[in-house]
């Protein structure tokens, strides 16, 4: 009954992945991001991650696999997803939702740390403000974006962009794959 829809969805996902994979700049950006993160950990830094909606879940997934584990047992790496409900509700109420991540970055981030900001459109005001706060703190920035990069285009040290202009879920599917590859590469880089 739904077989055509299922095939269509999987084919669209495969097409999105293949388009992303065909651009060597994406491969190079993933490698640069992994090395940047590992170098920060080796120097005593940490990573803060943030996103909205499904991207918020991806930011949490990213931090969890750094502090917990990916495929192999190893020491945890310092990572914090900006997801504390009391912080988010306090800042939303007192300052506005645009500041929920930047206030945390200002309080906790320091030079030598990295911010991973996820926005499928590249236009999320609260992610952009977090990037600005990270820059003010002397942090490095990695952005996972989509479409044409939106307003985040050019703001990060490393941008990994999924050039898909349809629904955001296709972009998120590539983002989670990128996150898993980052885990694998960070683990390899940390034992060099």
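Cβ coordinates are placed from backbone N, Cα and C, and glycine is handled just like the others.
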Which of 3, 172 belongs with 52, 53, 54, 65, 93, 94, 119, 120, 121, 124 in the substrate site listed by Swiss-Prot: 172
Measure from the Cβ of residue 52 (substrate binding site) and count the other Cβ atoms within 10 Å, all protein chains considered. 19
Here the Cα-Cα span from residue 119 (substrate binding site) to residue 180 (Zn(2+) binding site), rounded to a whole number of angstrom, reaches 17
For residue 119 (substrate binding site), what is the tally of other C-beta atoms lying within 10 angstroms of its C-beta? 29
In whole Å, the longest Cα-Cα distance within the recorded substrate binders 52, 53, 54, 65, 93, 94, 119, 120, 121, 124, 172 is 32
One residue among the binding-site residues 61, 180 has the fewest other C-beta atoms within 10 A of its C-beta, namely 180
What DSSP gives for residue 119 (substrate binding site), in three states, is strand
